[in-house]
Amino acid sequence: MSRRHRTFPVKVGSVTIGGTAPVTIQSMTNTDTKDTEKTLAQIKDLVEAGCQLVRVAIPDEESVNSFKTLTQFSPVPLIADIHFSYQLAIKAIEAGASKIRINPGNIGSRQRVAKVVEKAKTHNVPIRVGINSGSVEKNLLQKYGGPTPSALVESAVNNVMMLSEMGFGDVVVSIKASDVNTTVKANQEFATRLPNPLHLGITEAGTIKQGTIKSSVGIGTLLSHGIGDTLRVSLSGSPIEEVSVARGILSSLNLAEGPRIVSCPTCARSNISVEDLASTVEDRLKDLNTSLTVAVMGCEVNGPGEAKEADIGIAGSKEYGVLFKKGKIIDRVPKNQLLEVLSRAIDEYIDEIHSK
């Protein structure tokens with residue numbers, strides 16, 4: 001892990017993005033915003049899953065009315081996602097948005113952007129400048145021959161500078177493409193240019209499987225180089241899955257508390273059903289906010305030997321299963337009791353941690 005790139009902090013309601021604040025997890029509702037009850041229920045589900053900021057699309061006036069109610073009852077700050085209409089951006093701020101996401105390039109004239117900025121200033125609402133490969137200005141596409149990393153960066157810098165000229169500095173930036181390499185290179189380049197907090201993501205990443213792979217590689221690469229202050233994993237599926245993947249990315253880089261499951265790929269030596277046991281353990285621990293490494297190994301060659309760094313683990317043998325802690329065997333039990341014994345040992349270990 002590289003030392004974290006220095007950015008300035010931006011307050012989004014009660015949550016800070018950038019500076020020395022931890023990397024935060026965002027997601028976006030996929031309900032009809034006008035359905036206030038269903039959207040609020042999804043917001044609460046996202047928060048329960050570990051989401052700290054939730055973005056809501058505001059496509060029309062009726063959605064603004066619903067959004068106002070949502071801001072009053074949401075347990076976390078809400079971000080209004082705006083495209084094309086500067087009037088909707090202004091109304092979303094008035095409705096209680098803690099941040100707005102715009103692409104100044106599709107809001108309209110400089111005068112219209114200035115009206116949004118003035119309203120944001122009045123309400124102390126930060127702006128995220130969202131630059132996507134599909135919405136880069138035509139002159140930059142011609143200059144660079146397409147949505148290259150340099151084209152994306154120049155678009156982002158130009159928009160940040162425009163807001164700065166209007167006296168507005170609370171700007172978070174996102175530079176996203178569906179191509180992982182383009183996204184990584186663009187964010188790396190931007191990080192050398194300006195100190196604005198960076199929102200990471202791979203846009204239109206795809207299905208849960210494909211999107212998880214692309215997001216983990218792209219976002220993980222940037223975070224491992226110290227770049228990034230908040231993230232959203234974009235998946236064609238439930239936003240709850242987005243939060244789960246985001247938590248996994250942060251946990252795997254030791255940037256957030258959470259469980260890690262270590263399991264062997266299995267071979268002819270396996271004496272237990274590693275896949276089933278590991279999947280069950282993973283599901284049981286998915287909401288845990290404690291750093292804990294649990295190993296599920298097929299034989300005593302892999303566990304506890306190769307999994308000795310795990311806090312708690314199990315391994316199979318021909319006649320029984322073993323339970324180990326920090327590489328030392330602490331119990332031998334019938335294999336059909338391994339899951340029960342492991343679950344109890346995990347609970348006891350967590351209690352030990354919390355009692356210290």
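Each residue, glycine too, has its Cβ placed from N, Cα and C.
In Swiss-Prot this protein carries:
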BINDING   C264, C267, C299, E306  [4Fe-4S] cluster binding site
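Fewest other C-beta atoms within 10 Å: among the binding-site residues C264, C267, C299, that description fits C267.
E306 ([4Fe-4S] cluster binding site) carries a helical DSSP state (H, G or I).
Taking the Cβ of E306 ([4Fe-4S] cluster binding site) as centre and 10 Å as the limit, one finds 15 other Cβ atoms among all the protein chains shown.
DSSP assigns C267 ([4Fe-4S] cluster binding site) to coil, not to a helix or a strand.
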